[in-house]
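*Asks:* This structure is in structure tokens; I'll ask about it shortly.
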Amino acid sequence: MRVISRARSACTWTSCTSLSPCSTSCPPSPAAPTLLRRRSLPQQRRRPSSSPNRRVRGVTTSPCPTRSLVYKRRVGAPQRLCAETVATMQAQEANALLLSRMEALEWFKKFTVWLRVYAIFIFQLAFSFGLGSVFWLGFPQNRNFCVENYSFFLTVLVPIVCMFITYTLGNEHPSNATVLFIYLLANSLTAAIFQMCSESRVLVGSYVMTLALFISFTGLAFLGGRDRRRWKCISCVYVVMLLSFLTLALLSDADWLQKIVVTLCAFSISFFLGILAYDSLMVIFFCPPNQCIRHAVCLYLDSMAIFLTLLLMLSGPRWISLSDGVPLDNGTLTAASTTGKS
């Protein structure tokens with residue numbers, strides 16, 4: 001540091017350095033201004049010690065086991081850890097990566113189970129709808145079969161009885177192709193006769209509504225999962241929609257018998273939809289690979305019960321009115337009523 005001082009006119013210029021003391025001929029005056037010129041020396045960065053260091057992902061470690069320090073670069077004060085802690089952290093990271101791989105493998109196994117279950121379900125549903133369409137196109141003269149035979153309405157209990165058997169046996173229920181085709185034939189024949197007695201627009205509407213309800217409640221099962229709050233919200237929304245539908249149905253100008261049929265069918269469909277959501281949750285979380293057929297059969301029975309109930313709700317009042325001889329929209333009567341009058 002070099003200091004240059006300037007006194008008043010009586011004083012002389014004096015130069016001094018930091019190595020030799022300053023001497024002046026005049027006393028220092030408080031009014032004399034002092035000019036300091038400081039040359040800032042470049043700060044020398046501390047070099048690391050001569051001991052060989054290792055760098056592991058931004059962490060500097062020392063091989064000394066006793067007083068080894070680890071400096072981890074973070075925002076704020078540096079954190080000092082032992083080299084053994086670094087090894088532990090690396091082991092934990094490796095375990096975390098291994099666990100994520102195991103989780104991915106487990107998810108892939110579940111995904112394959114879902115594919116098997118829903119592939120079997122789609123096969124069953126397509127077979128039943130296809131057989132019903134063949135009956136509807138092949139026997140057009142039997143449109144009044146359900147009108148003349150009220151006892152056939154009891155066949156809607158076939159999927160309900162099958163559901164009762166599957167839920168009663170539980171995990172002891174066999175899961176093989178034989179059981180699959182037994183349930184498939186029993187429910188497909190029932191649905192085919194119901195479709196044979198229905199109109200084309202009623203059939204198409206029932207197909208679309210069944211698929212829409214199945215897709216909706218399967219998606220809600222994935223969305224709700226095991227969260228009770230979500231299921232409470234879903235239940236509240238569904239109850240509001242059901243009450244709105246029943247209010248509109250009861251305020252309509254239909255006959256009181258038709259209103260009773262619509263109300264009973266609406267509650268039955270709600271019950272089957274609840275079972276469908278439960279079965280979907282079982283498929284998502286608790287379906288082992290050796291029980292894919294049984295769970296697919298459960299989903300199929302739920303869907304067939306919903307489909308037959310929709311057919312009964314949409315076509316039942318018409319069948320009842322035709323059996324009583326009520327004229328249709330074009331003024332014609334049914335074959336049964338015309339025969340009775342003649």
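Yeah, the Cβs are placed from backbone N, Cα and C, and that goes for glycine too.
The annotation region 'Disordered' is assigned in Swiss-Prot to 21-64. According to Swiss-Prot, the feature compositional bias 'Basic residues' maps to 36-48. What Swiss-Prot lists as transmembrane segment is 119-139, 150-170, 177-197, 202-222, 231-251, 266-286, 296-316. According to Swiss-Prot, the N-linked glycosylation site annotation covers N149, N176, N330, on the basis of sequence analysis.
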*Asks:* Could you tell me whether the transmembrane segment (296-316) and the transmembrane segment (150-170) are in contact, taking contact to mean 3+ Cβ pairs under 8 Å with a sequence separation of 6 or more?
*Replies:* yes
*Asks:* With pairs 6 or more apart in sequence, are the transmembrane segment (296-316) and the transmembrane segment (177-197) linked by at least 3 Cβ pairs under 8 Å?
*Replies:* yes
*Asks:* Do any residues, 6 or more residues outside the transmembrane segment (266-286), come within under 8 Å Cβ-to-Cβ of it, and if so which ones?
*Replies:* 110, 113-114, 117, 163, 213-214, 217-218, 220-222, 224-226, 238, 242, 245-246, 249, 295, 298-299, 302-303, 305-306, 309-310, 313
*Asks:* Using DSSP, would you call N176 (N-linked glycosylation site) helix, strand or coil?
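*Replies:* Its secondary structure by DSSP: coil.
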*Asks:* Near the transmembrane segment (177-197), which same-chain residues lie under 8 Å Cβ to Cβ, leaving out any that are not at least 6 residues past its ends?
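*Replies:* For the transmembrane segment (177-197), the far contacts come to 120, 124, 127-129, 131-136, 139, 142-147, 152, 155-156, 158-159, 162, 203, 293-294, 296-297, 300-301, 304, 307-308, 311-312, 315, 319.
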*Asks:* Sequence gap of 6 or more, C-beta under 8 Å: which same-chain residues meet both conditions with respect to N176 (N-linked glycosylation site)?
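*Replies:* Spatial neighbours, sequence-distant, of N176 (N-linked glycosylation site): I293.
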